[in-house]
Amino acid sequence: MFLSTSMHGVRKTSISRVTPLVIADQNRSRSGSTHSRKSHSAHTLSVPKHGLCQQCCSKENLKEQALLIATIAAVIIGIGVGIALRPLKCSGDERVNGCRITKEDITYIDFPGRIFINILKMLILPLIVSSIISSLAQLDAQSSGKMGVRALIYYFGTTIIAAVVGIVLVLTIQPGKRGGSVDKKAAAKSAEGRTVDTVLDLFRNLFPDNIMEAAFRSVGTDLKVNRTTVIGPNNTVYNKTIYDPMVVRRDGINVLGLLLFCILFGIIISRLKEKALILKQFFEAMLEVVMQLVRIAMLYSPIGIFFLIVAKMLEMDTLQDFVGSLGLYMVTVLAGLFIHGFIVLPLLLFIVTRMNVFRYIRGMSQALVTAFGTASSSATLPVTYRCVEEKNHIDPRVSRFVLPVGATVNMDGTALYEAVAAIYIAQLNGIPLNAVKIIVTSLTSTLASIGAASIPQAGLVTMVIVLNALGLPSDEVRTIYAVDWLLDRFRTAINVFGDSIGCAIVQHLSRKELDALDRRELIFVDDTRNNSSTIIPLFEPGKNRASIVHASNHVGSVTHDNPTFVDPIKTIEDDDDNTFAQTSF
């Protein structure tokens, strides 16, 4: 697409305000979406070359829909195949009595799925670093600060709401008092944890002593507990618990430390402006490369998710875990996740932004299915970027800053799950909970969910913190181990959906700051020959920076592969059937 301006024969007598125009490029076929700013939505005009039907049935659009359908089908077929193969599962490590699938065979079935998760995790580090730095490099410190505060308020608010929803449901349904007793799984892991250690670990990871080490290692507290019997005065016998905390380094990306470093790094780049322009361009180009890798990786998602689901269905000890008391517990958790994910969050989105909720949910379908298959919000982060920016048209300056933070601290589904699980275990053991303990449960589950790493079944470990706050033995976490793998997938999907809702809300609340930044990006180029300045701001979706077309004696032209936002500010001059965008001074 060529946009030309000329200064020959231009009259400076006509001054009028024109409506901004969105011109969709006929060559734009790879992304299938147009990133238009929300603030201009009421004043934009779309001029596609082809009809609406032809756009909806384009080759790229059909590819996206086919990928989504294939991913959903992989989940459904995987569940069916896994259940059908269960009669062939061997109870031991040898093929006896007609069985064909041993534990070793299950690891082979799981292998293609693990490759898919490894591919996504491989992209997490470059994606977080490039997205946050490139986003904040386009903002000033004041705008990024306000955006960050709004995002944190949203995250903490929705997390507390999720915990409250879970508490209300578990106290109403009371699954722990129905359905009989529950057997503890011998293979379940029991851990120890304290709230103070979780808080200290958060700050230790926020300020790593080696930023390079933070790319592959984090810090955590390994708590050793010694319980002894002590004989006191007058031969009184009581139990004494001695805690021996030890700070250890664990394999895995220190996301909190990288977030803080990249946020400060991006803000400094925005302040240095032209001095750090090469760094800004480097991280923008890096982000584009990573997103292309994400598109390639997603072609493998149906295969990977299929094998992950089949392997998980075969790993189950027995399907009877889903009936009785644990079945009611699952129903309680799933009901809470449904209410929070498809009633509370969409209602909040509609009230704040007035967006089409159903269209937004449809745009997030690929990310939600991937989150269900991988059970990891961090591994789903590359897919979440695509859905938020390309399907739901969120400003990349917002999504690239909000999503990495949300994947770390926003755990709505985990908070709801931990609140329900703690009270459920108390009901199983016949321990009554007063109002104070219920409030402690909501606050502790919120804090524990923030401290939970965005990896599969991390909530099961932080669950111990909530149990300790209620005075329950940590060994009771083994009660829910049998069904945790399935609930983990559902709550991960809600976590990812909550992050995406946060992007839309933060963008809407930050629209004034974003518009101010857009106006500030307009660079006025003096034309010494005609004593005037010509401005044609071109905002490329995905890059969101202004390009300037110089209009002098020669005809300037710009070619873009992306749809281009053209905002003629004040004047339209028509001379010899040519249209010019010009501002005179």
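Here the Cβ of each residue, glycine as well, is placed from N, Cα and C on the backbone.
What TrEMBL says about a protein is an automatic prediction, not a curated fact.
Record features (TrEMBL):
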TRANSMEM  66-85  transmembrane segment
TRANSMEM  115-139  transmembrane segment
TRANSMEM  151-173  transmembrane segment
TRANSMEM  253-272  transmembrane segment
TRANSMEM  293-314  transmembrane segment
TRANSMEM  326-352  transmembrane segment
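Sequence-distant contacts of the transmembrane segment (326-352) (same chain, at least 6 residues past either end, Cβ-Cβ under 8 Å): 158, 161-162, 165-166, 169-170, 173, 175-176, 178-179, 182, 360-361, 412-413, 416-417, 420-421, 424, 480, 482-483, 486-487, 490-491, 493-494, 497-498, 501, 504-505, 508-509. Listed by sequence, the residues of this chain that lie at least six past the ends of the transmembrane segment (253-272) yet keep a Cβ under 8 A from its Cβ atoms are 124-125, 128-129, 132-141, 144, 148, 202, 205-208, 211, 213-219, 279-280, 378, 401, 404-405, 407-408, 453-454. Counting residues 6+ beyond its ends, the transmembrane segment (293-314) has Cβ neighbours under 8 Å at 67, 70-71, 73-75, 77-79, 81-83, 85-86, 89, 101, 106-107, 109-117, 119-120, 123, 127, 366, 369-370, 373-374, 382-383, 385-386, 485-486 in the same chain. Long-range contacts of the transmembrane segment (115-139) within the same chain: residues 147, 215, 253, 255, 258-259, 262-263, 265-267, 269-270, 276, 279-280, 283-284, 286-287, 290, 293-294, 297, 300-301, 303-305, 308, 374, 376, 378-383, 385, 396-401, 403-404, 513, 517, 544-545, each at least 6 residues beyond the stretch ends and with a Cβ under 8 Å from a Cβ of the stretch.
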